[in-house]
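Trainee: Below you will find the structure I want to go over with you.
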Amino acid sequence: MSVSNTVTKVEEFDFEDEALEVLETDAELTSDEELVAVEGASEDVREEFDASAKSLDATQMYLSEIGFSPLLTAEEEVLYARRALRGDEAARKRMIESNLRLVVKISRRYSNRGLALLDLIEEGNLGLIRAVEKFDPERGFRFSTYATWWIRQTIERALMNQTRTIRLPIHVVKELNIYLRTARELSQRLDHEPTPEEIALELDRPVDDVTKMLRLNERISSVDTPIGGDGDKALLDILPDSHNADPEFSTQDDDIRESLLNWLDELNPKQKEVLARRFGLLGYEPSTLEEVGREINLTRERVRQIQVEGLRRLREILVKQGLNMEALFNVEYDN
């Protein structure tokens, strides 16, 4: 899968079409002992080994190729996005190629879920292409924030349709797409991952219905699922102990939380209290809009308005720091 193939494949992609069911074999690197065994094996086994090696070579070649694509500055991003909207093919190609590494980063999060990394990247690239087509630079948000939603949803859609043991009925998939599309639109408008409450308010649907539908987009794996090349370990064996967190990630979380507390001091008291209660800061437990409203004697809608105002103010603070809302809340919302 070359960069040029990625750019031209948009004609084959329609996010609204139902995905075809595809059989896929995930190639894995074999050890020296396995290589010896292959040399004495049947022709079919040797061909399978050669295919695995070629798949790995193709992945490494692709990752090396996209490493030469320079990232765009915020100003360049707006410039090329405007040109792309006017039909400039060169600008469209530059937007895509400059964000291919974002696709790889997101695709790695979905490894070991039934699709090979290269297949995940290919699906994510389709989402990136559609994001370039739909992105509106005049809204003032970075392209990566908007593109992340398209990339994630195309990957998750592929996993949902190609790896589910029980496939969802077509009408359920279409209903789910409505919720996912609304979530993408809200993410561009609000510059953060929308909560079920915000999606429900936008669609005028009960929060419980939104939560249930979004759960259909999650993939559930048994803790006894074998992992690794030899399958000698189960998923349960590598699940992290929440009481013994990785020191590196704990340090990162602490740094983000400390910065967040400092930024909260720049908000007015009401905004600070609402955000603290909503996101579990300053000793509070995370609460819903309704719960926060009951605690501070405000309506759910008023709490939502204060939250939006507070997040908007935080975004302004982050822009001055050269950061974005995703960097602030990835500890709370990262999948």
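Any Cβ shown, glycine's included, is placed from N, Cα and C.
Remember, it's a predicted structure, so these values are computed and weren't measured experimentally.
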Trainee: DNA-binding region per Swiss-Prot: which of the ranges 29-48, 209-228, 249-268, 289-308 is that?
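Mentor: The listed stretch tagged DNA-binding region in Swiss-Prot is 289-308.
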Trainee: Quick check on the annotations: Swiss-Prot lists motif 'Interaction with polymerase core subunit RpoC' for one of 119-122, 143-146, 315-318. Which range is it?
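Mentor: Range annotated as motif 'Interaction with polymerase core subunit RpoC' by Swiss-Prot: 119-122.
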Trainee: Six or more residues beyond either end and a Cβ under 8 Å away: which residues meet both conditions relative to the region 'Sigma-70 factor domain-1' (57-90)?
Mentor: 1-3, 97-98, 100-101, 104, 117-118, 121, 132-133, 135-137, 142-143
Trainee: Which residues, given as numbers and ranges, are at least 6 beyond the ends of the DNA-binding region (289-308) yet have a Cβ under 8 Å from it?
Mentor: 190, 197-198, 201, 270-271, 273-275, 277-278
Trainee: Tell me, roughly as an integer, the mean pLDDT over the motif 'Interaction with polymerase core subunit RpoC' (119-122).
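Mentor: Summarising the motif 'Interaction with polymerase core subunit RpoC' (119-122) by its mean pLDDT gives 90.
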Trainee: Tally the residues of the region 'Sigma-70 factor domain-1' (57-90) by DSSP class, grouping H, G and I as helix, E and B as strand, and everything else as coil.
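Mentor: Taking each residue of the region 'Sigma-70 factor domain-1' (57-90) in turn, the totals are 24 helix, 0 strand, 10 coil.
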Trainee: Counting by DSSP secondary structure, give me helix, strand and coil numbers for the region 'Sigma-70 factor domain-2' (95-165).
Mentor: 53 helix, 0 strand, 18 coil
